[in-house]
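TrEMBL annotations:
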| type | residues | note |
| --- | --- | --- |
| ACT_SITE | 43 | active site, proton donor |
| BINDING | 36-43, 153-156, 182, 190-193 | ATP binding site |
| BINDING | 67 | beta-alanine binding site |
| BINDING | 67, 159 | (R)-pantoate binding site |
Ligand code: PAF
């Protein structure tokens, strides 16, 4: 069965479960793309990969309150459901799941999923609430839709590893698939939060991937990590960023890099009031 051009909008977990059950009864595989909406080309690349992989695609749109801390941008986060559904039309998406907060967190909700391992450090040092909120909502979404595959962007690299770990540890039975970051022409990673950047901040923001690429080249040429990272931090500060972290980690665990194993360079930095994150692969060191 081909997906209708306009996706069906589902608002309740009960209806989503019924849809998933009927797909599975018909022997159709399901792929899910969890999002918070404000869809851009990065999300659409996940949808394309999902549609290529499975018979039925569900995209969730839910701005999840529990992953925002006090003083963060929950209220300001763009909510663009109608145009999101329009962007998904004709892309092989069968269902858009767009619940409200009361549906996801009904009165008396008392369960939180916490993940250690890849959730330690980096984002957690600056947004301690974040991964419990993400892990809890992603677990709920996966258990409701019961997808065979779920697609996440590598732009949120630590989130991708956290979701892989929880799916494995809780035997959720969904293959978690990471997809490459999609970038603007000037290399800035696509993010719904880029909409917050005014023209001067947007100009400075493009320096972030340029500095990252410079640090990757230095590391792969054998520069000591402490030196390359210190130079990278100084370069970002020079460009007007306040750096939360610029760290080199083992690509699979986010622990200290090991000789001969793939590495990942991860950054979070603020330009004005906007916080940007990005990351790049680094070849194994010796
Ligand atoms: O990456 C996001 O958009 C969100 O963190 C996610 C995975 C949809 C959970 O709310």
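Note: Cβ is positioned from N, Cα and C throughout, glycine not excepted.
Feature map: TrEMBL annotations on the structure.
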residue : record                    : CB count, 10 Å
36      : ATP binding site          : 17
39      : ATP binding site          : 24
42      : ATP binding site          : 20
43      : active site, proton donor : 25
67      : beta-alanine binding site : 21
154     : ATP binding site          : 19
159     : (R)-pantoate binding site : 23
182     : ATP binding site          : 18
192     : ATP binding site          : 18
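A distance of 14 Å separates the Cα atom of residue 36 (ATP binding site) from that of residue 159 ((R)-pantoate binding site).
Ligand 1 lies under 6 Å from the Cβ of 36, out of the binding-site residues 36, 154, 192.
Here the candidates are the binding-site residues 67, 159, 192, and by Cα distance the one nearest residue 43 (active site, proton donor) turns out to be 192.
Straight-line distance linking the Cα atoms of residue 192 (ATP binding site) and residue 159 ((R)-pantoate binding site), rounded to a whole number, equals 16 Å.
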